[in-house]
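According to Swiss-Prot, the protein carries these features:
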type	residues	note
BINDING	128, 129, 130, 131, 132, 133, 134, 135	ATP binding site
MOD_RES	356	phosphoserine
REGION	403-485	region 'Actin-binding'
DOMAIN	718-738	domain 'IQ 1'
COMPBIAS	1062-1081	compositional bias 'Polar residues'
COMPBIAS	1087-1121	compositional bias 'Pro residues'
COMPBIAS	1142-1155	compositional bias 'Pro residues'
């Protein structure tokens, strides 16, 4: 990667100037040979294995540092590589991190430089496994900052010394030997080094997080207590030994129980001297040091207190001399100490009044726990006092403005037995992981904003859901459940643990949580961790019992009283903060602090468990690579721009790739450098999506693009050949796809449609025993099965299928409802999703978990276990499924496609019996048959039913022996086109339909809506007995019915919209005389209104404006009615043919201007009772309304003429009213007398007035006209292009 020089931060910068002194690249023979890649974002293949291989190669070469962008990866070498000397440190001063090899000094230099250059707070987050080198990295950063901010002032030097002295002091009190690390930090630490206006360290601040105080009283085998106990017991002076009774560590239970008092690589005596020196540098007085060691002695002697049983089985002190000496060290009364250890005081309350006080004796186990609690409390408070005392010393100088923070915190822990300490540690790591991703993206965005780069925010897994699972209060998280359990059973730890286990049942629906008897699992970002419930509530209390508090408050030692301040009002009813509350507060404060600083990151890796400088354990390192999420970090970095370079450097590197910039290896371009960059990118055919040009830099998105540029010189023509091959393959694939579509159409013509055949099979299964809904009999109704598209890759159905854990092929899927019964309550109809696979039937429910929608399987039914399905003989949609040998109640479900569901079940299991009768029988409880009755009720919703008290009330449906209607002929919509390459279909906008449709042509698209909704109008005149909703339209135009919610019949197949009137929509199949050709009748327009001029478009032109039709007498009020019209009775030849055979008639004389209302007035052509929604506007036939807005979905926003009410109505139910203009219009002389039809209609020039009058004279003329119209229609369809097959594929 080329070098990037720093520049002054500016929002905008002028374009790069012309550069003419570009030199040829030269080979640096003195550079160390690079092994692997120094930045993991340049790896060709991103996987955990490839990252591990690269780290191994560099480790074996002595290169322990690697970058991921600005993140540093450090592998512990377990040896001195000589890379931390002053000479090495000097080479990194003032150098960009890309100018020198990866190093922790480069991170420190970048932090210090950014602090000075941008005056922004800096921080470094160091994370990794225990023993991976986190503390060492923190030391090196402090070493570099102290050296880089050199000053000759004594006060500044003293602050530097104190900052460096915090390391040995806090290591002694906060680190211990573990199985994995001889100097493992057992607490989190955030050190802020604060700088004055001259960027010199003038102050500091240390924040402590979660000391592992449990280690004070017990360790596992071959581990040790905190270092200070061994340092003090081995190196204490004679004065301390005489005054405090200090013995060797083998004499104390707390330091010898684990069997490890000495470590080969640790010199406790030397470390003790370093600790004393650090205390002196920080400024601890001798008196303060004496008190610290006094309490350390007391803690060691407390561990030697043992108990034995008395005659009553209670605990008593085995050796009172030890308690006497402990009382001497703590300066408390010995009798009170003994009483506090073996007894517990309990006080009862009666409301707001105090009750009786009892002294309850403890057994040996309880007394031992009290003893350990006292020792842990003293050490924890002592450690916090030391941190506070260090902070007091570090605040010596004023004037601190900016800071550099160093976070050294424990890593993610997964042990065989994990308890409260591990969940706290892992919770903090979850918070750090969250801020790591957020701040990484933030820094990326800032650079893109500086260079004015457009980019899309990176999508990544946000572990906020896991953090909320642990820390949330509403709904309660795990810590909140712990607090509630403690409050419920405060005195009894076992009872509190049981209460906590019960509360964990609340989290079972969370996908990141699992409950396993006495354990629970949290799915952290770094892996699943199993936690033990036992003992968690007791550790969460983090509170001394009342007797110990009174004991410590009675001390005469002022220092002990200082570290145990008065707890306040003892009678307060407020719950004291628990350990969980403290860690949540500390973690959130840490996140706030880090969010206010510019972050840097160091991820440390431990190469082996043997601490050998030569071993590299691939399996162990691979585990850490996954644990630290390095692959995710690389992908986040690469999701933005993996490579960025200044224009000059980019041109210098790649000018050979453009013939306009080079000739025979020489740079020949004389223009602007930015133009040269554009030429290179253009001539190399780099997609514009793969790069962006900023103010001074070019950004390459992926490393593969960069590598392609590097290899383009040799492979340019190969790439061009590949593009030609790719285009040819695309052409061949298009031909194959076209052939497949033709073959599919031919197969359907020969063998029929399998979906329609399945529908017919389903109708036979019903056997005429059940009343049918009108929508079930439509010709376009076919059994497609997977209505939710569960088998597709990206769809809502696929999402539900994935969440439900279904891997099989889906045969049938639909949304519906299921009856949910509760004891003592009315049954509820809950929305459900039904999915049928070849082996199981799933009923899936959805719930909100942490404000996120999730799906879960409520029922999983083996298809082979279904004995029968039960239905009523009415038109309702309820189905009862009887399952044998089931421990759950049988499901009673409601779905519009019940017949199709039963058909698929019957196909999968032929033994299933279909019971149809007046009742539905199913098992409401296992082994208990329950019957649901059905009855006719005309007050039921038109499109649904009413379920109440085990009774289904529904309207009368179609007879069960009704035959299925024939499928209408399929044709392409006149305003629809299909893009061959993309398959995108443009259905057009309703406003455009008026401009492009021919006024004389009744398109077949008027006879049915979108096939997905299944609402069609039959072409068979004998099947049409009643009027249908008439869509509104302009003069001389026809509108296609809306695609969505055009009528109530459409809504019948939409489970989410139940608007409309079923009776009106179903009436469209009865009266043949009402609508002879199934086309929407056109409302007659007054002659005084001008005809809108259609927009020019290719293809046939619409005919001229027609004149008034002849008739017996003029109509006083021309109103649109669903009746037989003269216009619809006349055969209409094709517009092109008509243009060739006869000239158009002359237009009528221009009408005088007429007053027009401010908003169009429409009239209801049919009754629209609505579905009960407050957003709908129920109408009666003949009601007049204003229409303020029409939506493409098929709904119009209507308003009463007096403005008293407003709501939505189906556009197909209303027609534009002419009565509103009747008083404003003036009579206009027509060019021909009116006929006797009673309705004045406009003719678009396709037929003569005489032909129209003759057609209206007799009923036989109507039949002949209809036949001629159908014949003309069929003739036109034969001449249409082959694209009609595309629309046929979209039908039911």
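Each residue, glycine too, has its Cβ placed from N, Cα and C.
Source: prediction; values computed, not measured.
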Alpha-carbon spacing, residue 135 (ATP binding site) to residue 356 (phosphoserine), which is rounded to whole Å: 53
Additional residues surrounding ATP, by Cβ distance to the 128, 129, 130, 131, 132, 133, 134, 135 centre under 8 Å: 76, 181, 184, 411, 604, 606
Stretch-averaged pLDDT - the region 'Actin-binding' (403-485): 83
Surrounding CB atoms that lie within 10 Å of the CB of residue 133 (ATP binding site), all protein chains: 24
Cβ-Cβ neighbours of residue 132 (ATP binding site) (radius 10 Å): 24
CB contacts for residue 356 (phosphoserine) [other CB atoms within 10 A, all chains]: 9
Count of other CB atoms lying within 10 Å of the CB belonging to residue 134 (ATP binding site): 26
Mapped DSSP class for residue 134 (ATP binding site), helix or strand or coil: helix
Most crowded position, judged by CB atoms within 10 A, among 130, 135 as binding-site residues: 135
Residue with minimal Cβ packing [other Cβ atoms within 10 Å] among the binding-site residues 128, 131: 131
Conformational class of residue 129 (ATP binding site) under the three-state DSSP mapping: coil
Tally of DSSP helical, extended and coil residues in the region 'Actin-binding' (403-485): 47 helix, 7 strand, 29 coil
Neighbour count (Cβ, 10 Å) for residue 129 (ATP binding site): 23
Residues in the domain 'IQ 1' (718-738) grouped by DSSP into helix, strand and remaining coil: 21 helix, 0 strand, 0 coil
